[in-house]
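These notes concern the structure reproduced below.
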Amino acid sequence: MSNKVHLGHTARKRFGQNFLTDENVINRIVGAISPDNDHVMVEIGPGLAALTEPVASGIDKLIVVELDKDLVERLKEHPVLKDKLEIHQGDALKFDFNQLVREDKQMKVFGNLPYNISTPLMFHLFEFAQHIENMHFMLQKEVVLRLSASPGTKAYGRLTVMAQYHCQVMPVLEVPPGCFTPPPKVDSAVVRLVPYKVKPWPCKDVDLLRNLTTTAFNMRRKTLRNNLKQLLSDEDFAVLGIDATLRPEQISVEQYVAMANHVFDRK
């Protein structure tokens, strides 16, 4: 049998499918997720239910968002899960997670995310951060390193700034390729993202912050003065106390927020 086939389902490259099969890793991830009935439990991309089954076993209801119609049909017929699942067939990148919000419950979101959409999906989820208690995702190890990076490192970039603006970022464990069917060509890791209830550095316009960081990191080797000349003058940098000759990866999240707020106040 092909190593792309697991439990009778062939992994689809266009959906970025790699199915988690290592029981020890699965148990450690479920322990980190800590399923309970006090939160709205949401899984993105349940696949062949490697995480779905153990998470659902200890709770009353689990909401899943799955794009693959064949996998949705399998879940609907699952002998154990079918009565516990609320299934939404569709693209998580376009899904309105506000429809899952309950007045008295925050969401816990988790999933083994397709690596080809993981970054845009996290940006999408940040829009619902005020309704989320925490998120646990299996990602490409490189992405977890970017999420948790410190200023002055190669991994530090736009994703780092936006993730750390919205959330505390904590790597949980590393997962080698052999834990999946088929094995991905890269190492994986699990990360915990905990949205801030109160932002340490409140931004007056998050869209402006996103655009400013995108512009700053478009040319990583050039200085802030060069990259942000359409937004900030030398006088602005002096007022902010930021050295305009620094490169974008040398600037902290707090400083990016200060720059965005300065541009906003000048409007």
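The backbone N, Cα and C atoms fix where each Cβ goes, glycine too.
In the three-state DSSP assignment, the secondary structure recorded for N112 (S-adenosyl-L-methionine binding site) is strand. Taken from Swiss-Prot, the feature S-adenosyl-L-methionine binding site applies to N18, L20, G45, E66, D91, N112.
The number of other Cβ atoms within 10 Å of the Cβ belonging to L20 (S-adenosyl-L-methionine binding site), over all protein chains shown, comes to 20. Taking all protein chains in view, 26 other C-beta atoms sit within 10 angstroms of the C-beta of N112 (S-adenosyl-L-methionine binding site).
Shown in sequence order, V65, E66, L67, A92, G111, N112, L113, P114 are the residues of the chain, 6+ apart in sequence, with a C-beta less than 8 angstroms from the C-beta of G45 (S-adenosyl-L-methionine binding site).
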